[in-house]
Structures are given as C-alpha cells and as structure tokens.
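The domain 'Protein kinase' feature in TrEMBL is assigned to A:26-351. The annotation ATP binding site is assigned in TrEMBL to A:Lys55. Under the heading compositional bias 'Basic and acidic residues', TrEMBL lists A:362-374. Sequence annotations record features per position, and here TrEMBL assigns region 'Disordered' to A:362-505. What TrEMBL records for A:441-459, A:489-498 is compositional bias 'Low complexity'. Per TrEMBL, compositional bias 'Gly residues' is recorded for A:460-470.
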Amino acid sequence: MAITAPGQQLNLNESPCWGSRSVDCFEKLEQIGEGTYGQVYMAREIKTGEIVALKKIRMDNEREGFPITAIREIKILKKLHHENVIKLKEIVTSPGPEKDEQGRPDGNKYKGGIYMVFEYMDHDLTGLADRPGMRFSVPQIKCYMRQLLTGLHYCHVNQVLHRDIKGSNLLIDNEGNLKLADFGLARSFSNDHNANLTNRVITLWYRPPELLLGTTKYGPAVDMWSVGCIFAELLHGKPIFPGKDEPEQLNKIFELCGAPDEVNWPGVSKIPWYNNFKNKANEETSKGGFQTLMTSVPFALLFLPLLFSAFLNSLFCVSFDRHALELLERMLTLDPSQRISAKDALDAEYFWTDPLPCDPKSLPKYESSHEFQTKKKRQQQRQHDENAKRQKLQHPQQHGRLPPIQQSGQAHPQMRSGPNPPMHNSQPPVAAGPSHHYGKPRGPAGRAPPYGSSGMTGAPRGGGSSGYGVGAPNYPQGAPYGSSGAGRGSNMMGGNRNQQYGWQQ
Amino acid sequence: MAANFWTSSHYKQLLDPEEVDVLQPLDKDKGVTLEDFKLIKMHMANYICKLAHHVKVRQRVVATAVTYMRRVYTRKSMSEYDPRLVAPTCLYLAAKAEESTVQARLLVFYIKKFYADEKYRYEIKDILEMEMKILEALNYYLVVFHPYRSLSQLLQDAGINDINMIQFSWGLVNDTCKMDLILIHPPHLIALACIYIASVHKDKDITAWFEELRVDMNVVKNISMEILDFYEGQRLITDDRFNTAFSKLALKP
C-alpha cells in the first residue's frame, strides 16, 4: 500500500522520496469506466509494464476543493488490506496545467489531474454475467458469494460500511478472485449506530427497506441487504427488485418479503417515512390488487416464510437448494437487526454442503468484460442492427442465424421492457467487450439502476411486477435464469437447455 | 476510528525525535532555529484551535488538523509552505476527513473577522490550492489516531471516576497537540503519560494499576517529563519571541 516505500521504484523524472509520482509514469490504454467523479482507464506502467487501472478524480465543479468522497475512499482504502478488497496502489498527479477537452489550458494545476492507481481487474460481476451465453455454476456462485462475504466481513470488522454493493462494483480477475471496489460512498461507522448518516446511498435496486423508509441510523446490515440482492440475482439471472423510483422499489420489496409491521420488524413504525408508505399501501389495497392485498392483510404475514419460499421456489422454477433459500431469506430480512451478518452468513450451511464453493483458480478464464464497455458495444451494435433492420425489412427471418438459446427469450415478450428492447432479438452472440466499474455507471441505456430519486427518468425498468408478485404464477417455465433481463442486452444466461454449468450440479 | 492502530499508516509512520526536529534547509538558511521552529508550530496549533472554536468543530478535528500540520513540516519548509495558510487549510482538510465538513468561505470569513493582521488573510482559492499541496505532502495518509479513545478506556480500566481527575487528564491530552508527541509516540502511551501526571498532581496513587499494565513505564515517564518541560517552558514564551521567530521566515511582504 505504501506509495513510496523504501525499495520501491522511484519517480520517473525526479525522485522525491516523498510525494506522488506523475501520471506520465503510465501509458493510458483505453477507457474502461465512467464514474460519478471521473473516468477510469486501463493503463500500463511504463517502467514495469504492469497493467493497472487509473481512476481520475474529477476536480472541476468542486467548490469545496478535493472531493470528500475521494477523501473517504482514499482514507478507507489506505486502511483496508485484504485479498477481497481492491488495492489502492498509489496516487499520482498530472504535472502542470492540464488541458480540457477543448484544449484550453487549465488554470488550476491540480484540476482534473489526480488519479488513483488500482490493481487491474479483468471483469466486474455485472459485465461478466452479461456475457452472452454466460452461466455460472453452483460452485462458482458459492465461490463468488464466499469471497464477497469475506471481503465485506473484513470491512465491517474494520468499521467500514461500503454502501454501494452491486454487481458492477464487484471486480473479478482471471484467477477467479473477487474484490470489493468503489468505496466512494463508503464511510466509517461506530458500533453504537448513533451517528446520523445519509439514507441517500446504495444504488436503488440494492437499497434496503430501512433506507427507503428514511432511517438515518443504520449499520452493516444495509450492505447485507445488497448482498442478498446480488445473491438472488446470481441465482435468478437478473435483478430481483428493479424499481424505477423509491415507492416502486419499496413495493417490489414488500411484494416479495411482505409488508413490515411492529411484529416482524419491531420499531418500524418509528422510522420517518413509515406512515407515508402505510397510507399509500392501504390506498392501493382498496384498489383491489391481489398482491397488495396479500401483503397488507396481517394474517398473510403469518405465512410469510412459507410464501417467501414458495415464491422463490416458483421464481426459480427448480426444486432448488434449500440451503441457498435459507441463506437468501436471512439476507433479505426486512428488520435490519434480524438480518444475517456477513460473519454468520459465511458459517451458513450453504457454503459447507455439496457442491462446495470451488477454488477460484479452477474457474474458467474469460476475455475481459466490464459493464462500461459492454454497454458501449451494445449501443453500437444496436445502432448497427437498426440500420440493418431498415435495410432488411423484407427479410424478417433474420433470427434464423441466432443460436437456439435465444429462442426461449422470445417466448415471453411481456417480460422484456426497458429502454432497449430490440436488442434481444437482434444481437448476435458476439463476445461482450470489456466494461468496468471502478466508477459508477452513467450510460443512458444499459442496466444501470437509478441512484437517487433524481435518477428516475430513463431508468431501465425491470420486467414489470407481473413476474415478481407473490406466487409469480406467470413466470416462464424452465427458465430459471430468466433470459430476458431488463436492459441487460442479450439474454445473458441463455436458455437453460444448453446449460453447461447447471446449478443443480 | 480505524479498528487497529498497529496495522495503520499512523503506526508505520511514527518517527524518532531526531527525525522530527529537523529544519528544512530553506528555513535554516534564513536563520530559523529549532526553538523558533517549535515555537511557530505551537503558535499555529493555537491558531487552529481558535479557528476551530469559531467554526464549531469537534476537538478531534482540531487534533487531526494539528497532526497534519506537524506532519507537513517534517517534510516541507515553512518558507515555501506559509504556516498562516497551512494552519487553516489543515483544519479545512481535517474537517472533511473527520466527517464534519466546514465550508472554505466560512474559514476565510472568520480569519478576516478575527485577524486584523493582513498577513493572515488568505482567500478561498489559496486554501483550495494549498489543500492539494498538503494532501501531496501527507502522501494522502489521512488517518490519525488520537489519545482520546485510549484515555477514556484507560481511565475506566483504572477505575478512575473522579471527575476532577478525568477533566484534568483530558486537559492535558488537549495540550499535547502543542507538542510533536503525536508524531513520535503511539497515542495510548501519550494518554498514559497524561493519566500519570494527573495522578501525581491529584495525589491519586495508581502505581499498582500502572505496574500491571504491560507497557514500558520508562517511555511513559519520558513522555510525562516532556509534557512537564513544555509547561515549564510555556511561561517564558512571549508574543515578541514568536514574532521574532516568525519574522525570520520573511514570508508575505
């Protein structure tokens, strides 16, 4: 972690024994991500040839100097040293005034000229999962989940909340190692949970109910909810709570987990926005929606665990792993104080029964895949396809050249929504390009979930609530991974017929 | 805040007293003595305390800011890094790092309000620019452990609940930021030295408790002596002494 520890290489030009090196020590290769506070590049260190990721810290628009998010991230990353946490190698600055895009010299020497240097990782979980034809085996899912929990447990022991756990922030290298990245929203917490923290954190789809209800006192359980969402997503093949705004997000959660009350979540009625939600829920009940009715009728709650399991069973359409279900249920527990901790999750039966988590090194190696680039390529592809479509209107049988696994996706058009539906039919199974998430997603399309309530417009939508309701009666048979991920590009998991890595293994 | 001091950058960067008492060549050339150097740092620690009082931040932020300032001057000269700008900037940065952000314009406002002296006047852009230089000088190591946490734990462990004694040792710990102790010693030893002085001063015999601790009492006693020497020396310091020292730097015209 030391930047200029004795014995390490010296600066390129001058060699101060203290201070940061110049970004000129690196050769930028290509952009692999776009974050809220800057771009991410893949780069090569000139002297050693080592490949790294450079995350630029955006300094423009900063009235208050060096961004506090960057301060948090640096402070936290300098403190954390773990094989499942991304390693901040050093910080480099750009010497002298930089020019902006229009070529005007920049007045402030440091404006836009600071980069965090990270170890390079080939994939992020979302990018990897989105690869056409990609499907994870059970030992592989267990392997990733265990690494995710191990890294997160380490953070929590060190009193750090990540606050933005999602697939694109989980980086994976070709040795099968998974590392937590993007600590731009992370912060330290004290064990008494007495400090008031903002509830505007965590990407909407992975945000726990207590934050959606407006609590400002919370702890590590918020990250565990996100882990539960990731886990379900790995099993299910697509995001399980793709809400488009906060109310819808809550509804999706309550449809699956039941509505909270003082019985299943003591203290919930004291959470700031609980009553807003409750009134709304009652209104909807009067409209007579069956699912909302189920969730707001108290006695239904008595059968909740049962409903939940039944729901999941039907959702995943297989007689699946009871241990996986048990663990998932304990992660997606409404009451944060009853939600399983990372440590206890690691002790869960799931990780200790056959098939055991595999050795990361035994996992297949893939061409690099980062969400950012996958998305870009997809956009290009879509444009290309649309052009092709216009030209070939008289040749409707263009699907003929697609592999058979695409067919299962087409049988359920109602599941397909989102900003870019055509691509399901038209995208040939080209290798997904890299895409990366050292930073946060920004693209207009793709499956980047909306961040705060401000990010709702144009946000990708999930498959509508029809597939998510209790009992999920109309969920397609035999498509456990869901081949129609919203805004996810081609059906990432393919159908399950040609499964190479069946999860029943 | 961090869980473990012994694995922290703070621990790895502890210095020997000889390394702290080093004058940068630029300052030395101007005739600044080691005494002057220490005096200016102490004065700047006071300046940070006063500013912090106006912008209302926690004592922790003050302690972190002073530590940043002291770390900066183990590597940078006062001639190049004007203490009158470094001090408020360290407070600005520490406030961010300790999650009690203070707006730069607020700092500038209070500096103008309470310091008639032109030489203390700096604008927002100066602070923001110096912030980057300080981050670089600190090598982006922003984590600081303070004696406060150890102090309350140790006081509890020693079974001391006499409010006078507690307040007295807290006061001592507050004053340690006027010395370079935090760069040299682990924070729990500084806390112990303060408890030791307080126990002697308040006639509380806790020798038995000290003996049971697995710490090198010689180090604790040395720190205690250093603190006492500091208080002794305090009396001789006048504003004139400080002004003379500062004028040697011949900074802002």
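Just so you know, glycine gets a Cβ as well, placed from its N, Cα and C.
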- [ ] Measure from the Cβ of the residue listed as 'ATP binding site' and count the other Cβ atoms within 10 Å, all protein chains considered.
- [x] 29
Task: For the compositional bias 'Basic and acidic residues' (A:362-374), residues assigned helix / strand / coil by DSSP - done: 5 helix, 1 strand, 7 coil
Open item on the list: DSSP secondary structure for A:Lys55 (ATP binding site), reduced to helix/strand/coil, please.
Closed with: strand
